[in-house]
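Note sheet for the following structure.
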Amino acid sequence: MTRSSPAQLSRFLSEIQNKPKKSLSQNFLVDQNIVKKIVATSEVIPQDWVLEIGPGFGALTEELIAAGAQVIAIEKDPMFAPSLEELPIRLEIIDACKYPLDQLQEYKTLGKGRVVANLPYHITTPLLTKLFLEAPDFWKTVTVMVQDEVARRIVAQPGGRDYGSLTIFLQFFADIHYAFKVSASCFYPKPQVQSAVIHMKVKETLPLSDEEIPVFFTLTRTAFQQRRKVLANTLKGLYPKEQVEQALKELGLLLNVRPEVLSLNDYLALFHKMQAG
């Protein structure tokens, strides 16, 4: 019987006299077909090293091991430690947001790794931000289950209401594919939201230097703080309005353009103009 079995999970929770913690977004996968589909989507092959965040009871962990992966699992809740320690993995009982990713440096001798996870929904954005800002050159792919609403924001295109600074941030680092939707019935307990799996292929090279990247994201975050306003006005706290308007003109963009209209490449071109003065 697999760890994605509802009966197995129920037995485990009964044995430890505990229940899922809503505060930690503990909604466990209890559908083996979905577990297998996530691992297939992740492109994991034997000898890959994989970072799994929030393994819980280990349904996804078990399938990753079966696929031949070396798994490093980061779990905040110590109640799962005894069960996870039965598996041939490296286990870290710590808040993933506080885990120093440079501790995984030793695995880079094996090549780039992968991230595969059913992410705790309340910390999805901080975790994804951490993965790419702290260790962008560690990963080949990132395959994660997230809230469907967040998934649609991540893969959004310019001009839509879902398009925003998170979209630009993640699309800067990776080519992203909305893989499939996951019903609430595939979890225990059932979440109040729909879920989806996204697959990110991390870019080999980035268009900005390490020093430029945080400055660029300051620009994009500032732009979307008032997304319905004219871009030249939203950026006036960073640059003179006249300078922004001149840059927009040189790029062939309207002076009254709003933040959600510009593509990632448009923002990169604007950034270079602003940096050049």
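In case you wondered, yes, glycine gets a Cβ from its N, Cα and C as well.
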Of Glu75, Glu134, Glu149, Glu204, residue recorded by Swiss-Prot at the S-adenosyl-L-methionine site of Asn27, Leu29, Gly54, Asp95, Asn118: Glu75
Which listed residue (Glu75, Asp95) has most other Cβ within 10 Å, given these are binding-site residues: Glu75
Cβ neighbour count (within 10 Å, all chains shown) around Asn118 (S-adenosyl-L-methionine binding site): 26
Protein Cβ atoms within 10 Å of Leu29 (S-adenosyl-L-methionine binding site), excluding its own: 23
Largest CA-to-CA spread of S-adenosyl-L-methionine binders Asn27, Leu29, Gly54, Glu75, Asp95, Asn118, angstrom: 20
